[in-house]
Ligand SMILES: Nc1ncnc2c1ncn2[C@@H]1O[C@H](COP(=O)(O)OP(=O)(O)O)[C@@H](O)[C@H]1O
Ligand SMILES: C[C@@](O)(CCOP(=O)(O)OP(=O)(O)O)CC(=O)O
């Protein structure tokens, strides 16, 4: 169940849970959002560390977006994935490019990232727009839960953030600021004990859902 591996080979438990997830669909879809440098990637990575990669998939809407944008513009896809200045240089144009795609088809990136996900717990690490939330809610209904990662501007500045007009005041950063009530809010201001306590509570909830899901016919 925990996805433990022995000698690099998936355990029977891990295999079973994958088969179950492929047959039943996901157990829980966590839609994670937060401002730049709030720690969305950090927090979602820590959640997956606790649950194990056989149980938990991190799905990034920006993954297929960056991949196609990199191909079209002759850029280094891997470098666009890092929390680096390279990504920041292209962010504004990637936003414009992604919005063109979403305007044609709001589910475009959502469908790509869920395709083939074989784990029961899905964490979408970068939900930014109401259309993303709407797509997941209409596709997975009550399996969806929203998670907001929160950090103060001071903390985000320490992590390299600086307010950039056209980005920090646009839909990409502000699309979920109003009209949403989040199921979970994780405060990630640098105190690891505070963060761990919040993750413990969320992981307990996820494990409970997993147990119910495994035993439901
Ligand atoms: N609780 C934390 N402890 C240590 N470093 C953190 C923490 N949260 C975020 N960071 C670091 O801050 C930077 C920005 O975090 P990241 O997860 O990339 O933010 P986002 O995905 O929201 O832009 C990264 O270098 C990350 O490792
Ligand atoms: C064009 C983007 O997808 C770029 C997002 O890149 P990341 O998801 O890596 O960003 P942060 O983690 O918040 O720094 C934004 C969008 O509006 O789609």
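Even glycines carry a Cβ here, placed using N, Cα and C.
Predicted automatically and left uncurated, TrEMBL annotations should be read as such.
Here TrEMBL has 35, 36, 37, 38, 39, 40, 41, 198 binding ATP, and the candidate from 148, 157, 159 in that same listed site is 159.
On a Cα basis, residue 39 (ATP binding site) lies 7 Å away from residue 188 (substrate binding site). By the rule that a residue counts when its Cβ sits under 6 Å from some atom of ligand 1, the binding-site residues 35, 37, 41 yield 37, 41.
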